[in-house]
Amino acid sequence: MKNFFAVCIIPLVVAWSATASAKEGIYITGKAGTSVVNVYGINSTFSQDEIVNGHATLPDRTKGVFGGGVAIGYDFYDPFQLPVRLELDTTFRGETDAKGGQDIIAFGDPVHINVKNQVRMTTYMVNGYYDFHNSTAFTPYISAGVGLAHVKLSNNTIPVGFGINETLSASKNNFAWGAGIGAKYAVTDNIMIDASYKYINAGKVSISKNHYAGDEHTAYDADTKAASNDFMLGITYAF
């Protein structure tokens, strides 16, 4: 992840160096709002001696959680008259949970299992923007970005009637991509209010566990995908 950002920040440094004397282009943004996180494609599979004896695709879950982040970027409009921006962005989001149940056959007996998945995603993106400058203080824009998504999954299973409560955790760094729209309002020459919407796809995270008892082998696998619809309000300061 560090190498990723070391490479991505080079264009910003070069652009800044080219216009350092004018002190124009660099900006920072802080933002907060609601992230509507979608947890989908949720699979839960139990197997015994390599034979699947219980598989379930759990219901998708969409939940609004608090989201926020910071960004540093370079606006090419003032120094170069190009209506584009390039920025590095970090956004965190609250936890989303998805619940369901499945029936399996364990050692010859039917068992119902309550399953709960908790997902949290943080993204580190390189975003590009195209600004539609006009004669007003409002500037609409479109955006697209790629980067890394750190997705954490906590999977809880409770076999009903057995007094067992087990939680497994895993995390994964995935390729992430996104696109969005928004508008900024210039309060002063240096301060802007930014309202935006972005869709971010964070990929898939999975968990697995194996248990051996003599000649018997039981296994459990779970996986889910995550995406977010981010509705943010931010304040930007341009240097």
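Using N, Cα and C of the backbone, Cβ positions are placed for all residues, glycine too.
Per Swiss-Prot, the feature signal peptide maps to 1-22; the stated evidence is sequence analysis. Among the features that Swiss-Prot reports, topological domain 'Periplasmic' is placed at 23-26, 77-81, 133-137, 186-190, with the record citing sequence analysis. Look at Swiss-Prot and you will find 27-36, 66-76, 82-92, 121-132, 138-148, 175-185, 191-200, 231-239 tagged as transmembrane segment. Positions annotated as topological domain 'Extracellular' by Swiss-Prot: 37-65, 93-120, 149-174, 201-230.
Beyond the ends of the transmembrane segment (191-200), by six or more residues, the same chain brings 29, 31, 91, 121, 123, 125, 143, 145, 149, 176-185, 227-238 to within a C-beta distance below 8 angstroms of the stretch. Within the chain, the topological domain 'Extracellular' (201-230) has long-range Cβ neighbours (under 8 A, six or more residues past its boundaries) at 33-50, 67, 91, 93, 96, 98, 106, 115, 117, 119, 121, 123, 149, 151-153, 155, 157, 168-172, 174-178, 180.
In the predicted model, the topological domain 'Periplasmic' (186-190) has a mean pLDDT of 96. Residues 1, 4-5, 8, 37, 71, 73, 75, 77, 83-93, 139-152, 176, 178, 184, 200, 202, 226, 228 of the same chain, all 6+ positions outside the transmembrane segment (121-132), place their C-beta atoms under 8 angstroms from a C-beta of that stretch. With a cut-off of 8 Å between Cβ atoms, the residues of this chain six or more beyond the transmembrane segment (82-92) that come close are 5, 8-9, 11-12, 15, 29, 31, 35, 67-76, 122-133, 141, 145, 147, 200, 230. Across the topological domain 'Periplasmic' (133-137), DSSP helix (H, G, I), strand (E, B) and coil residues number 0 helix, 0 strand, 5 coil.
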